[in-house]
């Protein structure tokens, strides 16, 4: 798991200059900013605290973007809360949520050594869990040898500070949002993805800067209090400046995407977007249909950056198939906002393929989570075809397929083995047919390329060669239908 470390320095650089350098390099200003020759020698104790043989930092090598890479897995202990009261039938149980949190932790490079949960009417506003549970947790964490405590919700800065004090800063705290952001920072491959992840991380970090400095003050016995108060304001100013710059860059991305979509609309090839819960098999399905060669791993958020490929349907009709980032329960709001530029691709799709891992025990809850996120993105009204994937991994595939056949707009496939691919292509075409606009036109011979375009992106029901041109009865996307309006004739 990447860590906000850094190479400590005793250069004569001012703290502000050091912080500026870290921000310019896209890194979070860390404890290394404290090591300035103008500070008391006592600050060396802080460095010692972070390189003590028992500390997690001691297990890292200086190498990656944030200063460290793993030498061995960091041990993590998981904590969740089950809220009492009426729950949706699609709601995750605390056990399911912790199981998923464990997979997230493994994806981030952590080794899970234990977990616990508590039932509460509501999250404790001060400490997330009850005070009695904290004492029990301190003992359990110490016995397990865990170095990181991973909490299954996004905690407020105050809750994190209270838990820091309860554990006397002996363990690193990481909430669910920070964990997901860390995974995204590791996986983002394109410049666009990296910008979006950095924005989400920066917005998450801004209200938590005070906690970082409070932690360091306790480590130094209060000897950096004045420095900390000054540096917090410097860091906040720099971080706000960085956030503003990132937003401008992402706005440029949005502008480029709008121009791209405008150009693409002039060549009216329907767009079909893959959506679904993380690890539902979207990338595997894209590879199966297009030979795209997209990375596929049995991990959460294996791919973040969208990939688009052209596919040909059984009738010869061509469409663009786009993969998108997977969704997850408790998806950080910062990520939804930051990735909106990418997710806007969904709103322009003619059809969504909602891929569901039908072999997962929580398939219904996962599907409901995806529906909720699509509604939040205001794209829940885009036509959908539900794809039940991984049918090869269920105990009774025949039963699952029979149920799928009884449901409207549902296909059953195995992206891994290729089972059901032809049926899926036919289902996509049938669903798109329902969305196409019927036209009757006479295309002049002088505009022969247009008749070819109708064949490529639409469905031709009939055509007749006339002296004036080609008379065609077809169904085409709305954008093409508007261009064909001047050539409209009465149907034969």
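Using the three backbone atoms N, Cα and C, a Cβ is placed for every residue, glycine included.
Heads up, TrEMBL stuff is auto-annotated, nobody curated it.
As recorded in TrEMBL, the features of this protein are as follows:
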DOMAIN    270-436  domain 'Hflx-type G'
BINDING   276-283, 301-305, 323-326, 389-392, 414-416  GTP binding site
BINDING   283, 303  Mg(2+) binding site
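For residue 276 (GTP binding site), the same-chain residues 6+ apart in sequence whose C-beta sits under 8 angstroms from its C-beta are 282, 326, 327, 354, 355, 356, 357, 366, 370. Around residue 390 (GTP binding site), the same-chain residues at least 6 positions away in sequence with a Cβ under 8 Å from its Cβ are 281, 357, 358, 359, 360, 414, 415, 416.
Residue 283 (Mg(2+) binding site) falls within a helical segment according to DSSP.
Neighbours of residue 283 (Mg(2+) binding site), defined as other CB atoms within 10 A of its CB across all chains, total 23. There are 23 other CB atoms within 10 A of the CB of residue 279 (GTP binding site), with all protein chains counted. By neighbour count, meaning other C-beta atoms within 10 Å, the densest spot among the binding-site residues 282, 325, 414 is 282.
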